[in-house]
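Notes follow the structure.
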Amino acid sequence: MTKDLKLVGNDYNIALFIFFPSYIVFEIPANILIKRLAPSTWLAGIMVCWGLITIGQGFVTTKGGLFAMRFMLGFFEAGFFPGCTYLIAMYYKRYELQWRLNLFFSGSILAGSFSGLLAYGIAHMNGIHGYSGWRWIFIIEGIMTVVIAIACKWLIVDWPEKAKFLNDEEKKMLVARLTADVADARMNRLDKPAIKRIFSDWKMYVGTLMYLGVVNTGYATSFFTPTILTELGYKAEAAQVRSIPIFIVAAVMCLIVAFCTDRLRHRYAFCITGICVATCGYVMLLCQHRIPVGARYAAIFLIVSGGYMCQPVTIGWLQNTMGGHYKRSVAAAFQVGFGNMGGIVASNIFITKQAPAYRTGYGTSLGLLWMCALACTGFLIGLMIENRKRDRGERDWRLDTPEADNLGDDHPHFRFTY
């Protein structure tokens with residue numbers, strides 16, 4: 001691609017970066033729209049759109065065309081991840097949620113494995129009908145996305161109260177058990193007091209810092225694992241194949257953590273454990289001139305597995321602390337949207353002239369991981385303090401306010417999980 005489109009210097013990094021402005025800006029509007037539409041229609045629709053854009057990337061002839069396609073890809077993909085997070089969160093109690101979120105999240109992890117295998121196979125189509133192998137990767141993956149998206153219109157469920165696979169009695173039972181889990185933490189009106197309450201909530205900002213710190217690792221490894229493996233001495237095709245087991249191991253670790261964190265009803269320790277595992281990998285790569293190639297390969301396993309042990313837990317944890325339809329919707333979009341500034345960082349810190357050491361890339365990623373650890377610690381302490389205040393009755397005055405029926409997680413009866 002770099003040769004055919006005459007990409008020089010940091011052009012490739014720009015192509016990665018330009019995805020994120022449109023992705024970040026459209027997150028919150030997208031999650032407000034999904035509240036007003038059927039999730040099956042909205043999610044399937046934006047999937048079709050980004051599938052078509054992906055096909056378009058296979059036909060671009062200039063770097064300007066690539067940049068435009070990447071920008072539009074961010075626009076249409078923005079509503080998917082927070083929308084799915086929001087939809088899943090509306091079906092499960094708080095200590096049932098992490099397992100379901102991680103099952104969904106493992107799809108994106110395994111995509112890193114599957115895409116390596118797919119890219120390896122499609123690369124052998126180089127020259128067919130005059131198209132380079134990299135073009136066929138975009139064309140075929142885009143077509144697959146459109147076909148799956150059309151099927152998803154009939155596969156994706158809608159909101160619990162409108163779900164066609166539940167009868168009236170089951171709908172009432174589901175709503176009742178979810179209501180019991182969050183006490184009176186409802187926010188079903190998006191009026192001015194509710195908007196003020198949402199955007200003045202410190203949890204949303206600290207939760208975003210948590211996600212930003214760890215998502216950088218997720219993006220960095222997705223962008224550069226094949227490149228790093230090539231720099232370690234493997235040929236391009238061999239590097240694609242060797243990236244496959246990395247993501248399979250990460251998916252397994254992600255699911256193990258999900259089971260344990262729901263079973264033990266605890267989030268914080270699992271975030272810190274993942275950060276410590278990834279830290280070991282980054283330290284090994286920062287000292288890579290002192291260790292053999294095999295150890296550097298093992299370091300990538302630690303980084304990817306550690307990152308994905310922590311990343312989905314930060315999403316589930318924030319959702320656990322939010323009450324009400326609109327509060328959860330905006331919080332999911334805000335965290336994923338602005339947290340994805342970590343992706344902007346990831347696409348600019350692996351500087352070509354620093355290969356294969358990438359000291360800026362590894363050092364920055366390690367620093368952001370520990371920013372995540374600090375944010376998780378602050379989040380834990382803040383939740384503990386707030387629960388104690390509610391236990392002492394210091395928030396009961398809110399029951400006498402005009403918006404007492406629309407407080408969300410500010411309701412005095414709501415208790416936070418950690």
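In case you wondered, yes, glycine gets a Cβ from its N, Cα and C as well.
Any TrEMBL annotation is an automated prediction that lacks curation.
Going by TrEMBL, these are the annotated features:
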type: DOMAIN; residues: 1-390; note: domain 'Major facilitator superfamily (MFS) profile'
type: TRANSMEM; residues: 12-34; note: transmembrane segment
type: TRANSMEM; residues: 41-60; note: transmembrane segment
type: TRANSMEM; residues: 66-89; note: transmembrane segment
type: TRANSMEM; residues: 101-122; note: transmembrane segment
type: TRANSMEM; residues: 134-156; note: transmembrane segment
type: TRANSMEM; residues: 204-224; note: transmembrane segment
type: TRANSMEM; residues: 244-261; note: transmembrane segment
type: TRANSMEM; residues: 268-291; note: transmembrane segment
type: TRANSMEM; residues: 297-318; note: transmembrane segment
type: TRANSMEM; residues: 330-351; note: transmembrane segment
type: TRANSMEM; residues: 363-385; note: transmembrane segment
Two-stretch contact, the transmembrane segment (66-89) and the transmembrane segment (204-224), at least three Cβ pairs under 8 Å: no
Contact check, the transmembrane segment (134-156) vs the transmembrane segment (41-60), 3+ Cβ pairs under 8 Å, seq sep 6+: yes
Leading stretch by Cβ pairs under 8 Å, where the reference is the transmembrane segment (330-351) and the options are 12-34, 101-122, 297-318, 363-385: 12-34
Integer average pLDDT (0 to 100) for the domain 'Major facilitator superfamily (MFS) profile' (1-390): 89
Positions on the same chain near the transmembrane segment (41-60), where near means CB under 8 A and six or more residues out: 5, 30, 33-34, 66, 69-70, 72-73, 76-77, 79-80, 83-84, 87, 131, 135-139, 141-146, 148-150, 152-153, 156
Other parts of the chain folded back onto the transmembrane segment (101-122), taken as Cβ under 8 Å at six or more residues beyond its ends: 84-85, 88-89, 133, 136-137, 140-141, 221-222, 225-226, 237, 240-241, 243-248, 250-251, 254-255, 257-258, 304, 308, 311-312, 315-316, 319
Winner by Cβ pairs under 8 Å against the transmembrane segment (297-318), considering only 12-34, 244-261, 363-385: 244-261
For the transmembrane segment (363-385), sequence-distant contacts whose Cβ falls under 8 Å of one of its Cβ atoms, 6 or more beyond its ends: 202-203, 206-207, 209-214, 216-217, 220, 268, 271-272, 275, 278-279, 282-283, 286, 307, 310, 314, 317, 321, 342, 345-346, 349, 416-418
Spatial neighbours of the transmembrane segment (12-34) far in sequence, C-beta under 8 Å, 6+ residues away: 2, 42-43, 46, 63, 66-67, 70-75, 77-79, 82-83, 86-87, 190, 223, 326, 329-330, 332-334, 336-338, 340-341, 343-344, 346-348, 350
Distal contacts, the transmembrane segment (204-224) - CB-CB under 8 A, six or more residues away: 16, 112, 198, 246, 271, 274-275, 278, 300, 303-304, 306-308, 310-311, 314-315, 317-318, 321, 330-331, 334-336, 338-343, 345-347, 349-350, 358, 361, 364-365, 368-373, 375-376, 378-379, 382
